[in-house]
Amino acid sequence: MSKIIQAFHSSNKNYTPIWFMRQAGRYLPEYQVLKRTTNSFFELCYNPIKAAEATLQPIARFDFDAAIIFSDILVLPDSLGINIRFINNLCPTAEKIPNLLDLQKSKIQNTKISKVYEAIDIVRKKLNKKKSLIGFCGGPWTVLTYILGYNSRNTPKFHEIKSNNKHELIVDSINILTKHTIDHLANQILAGADIVQIFDSWAGILPYQEFSEYVIKPTSNIVKTLKEKFPHIKIIGFPKGAGKLYHKYTKETNVDGISCDYDLQLDEMLKLQKNVLVQGNLNPNTILSKNSKIIEESVIKIMDTLSNNRFIFNLGHGILPETPIKNVELIVKLVKNYHSSE
């Protein structure tokens, strides 16, 4: 059993497991070398050998307790035939916004997305058995925001959901994406993932009622269906920006773990920790600092607050491309040595 899986079952006062969201990627010089051997980001995602190499790079360098497969939440819509492009390498958006009715008729192109599962299989065979392998997906609502451009509550398109009577179409589309998401996660589990995480990056833009219907309901469906098939698999939810709704999300979705963003206060995480494993929530901007004392103080504060119960140390969002390697090394050292210094 991996150290991360152990953390789900009971608190380990002698060790706190650690991994980082987006730990495989642009901040690593070895990743930049690998990236130059492909023509695009998606080409790298769909090359099992190279995706596996990217996945294992941060394990080799930092000895994290888990590998997370090098992929993207947008491989799902891409495999549905929706061409996703990264504008200025930052903002992913559909090249042509599909009609919602057309989206509901879309079918998965297995020749594309199966490459992700091949990469997982390769990684699992190479990865130390004491380390977990994390598969992941985007929450159906978040994936839909990228497909349709509802990425900001202030954009007219968000308000069109109600003003143009699109609510039922949105719900139907989320239901379709939920089915595809369940299949995608199940295939990652079958390929070798022992943990899966659901990234709902745009959960926080939703009002209460829509949060319940667009985020909680499909996530609950995903968790229930996967648990029926794979009761041993651990599922982490990440409703970024949900604030006080983290509690509602945790209670009603039945996730095994909750990943918390950096805006959530530690006392709120402590409350969550009474019922579920918590993960997080160091601000990625903090580890850009040239002042190691600032980083150390932030890490120790989180560890002092949360490490005596079910807890995985992580960031409150993905690691930034400009993050200094030495700062990551410092954090890993602080977390791994924390209990021995008590």
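Every residue gets a Cβ built from N, Cα and C, even glycine.
The substrate binding site feature in Swiss-Prot is assigned to Arg22, Gln23, Ala24, Gly25, Arg26, Phe41, Asp72, Tyr146, Ser201, His317; the stated evidence is sequence analysis. What Swiss-Prot records for Asp72 is site 'Transition state stabilizer'.
The Cβ neighbour count for Arg26 (substrate binding site), using a 10 Å radius over every protein chain in view, is 17. The Cβ of Ser201 (substrate binding site) has 22 other Cβ atoms within 10 Å, all protein chains considered.
Within 10 Å of the C-beta of Asp72 (substrate binding site) there are 20 other C-beta atoms, taking all protein chains into account. Listed binding-site residues: Arg22, Ala24; maximum Cβ neighbour count within 10 Å falls on Ala24. The binding residues for substrate are recorded as Arg22, Gln23, Ala24, Gly25, Arg26, Phe41, Asp72, Tyr146, Ser201, His317; their greatest pairwise CA distance is 22 Å.
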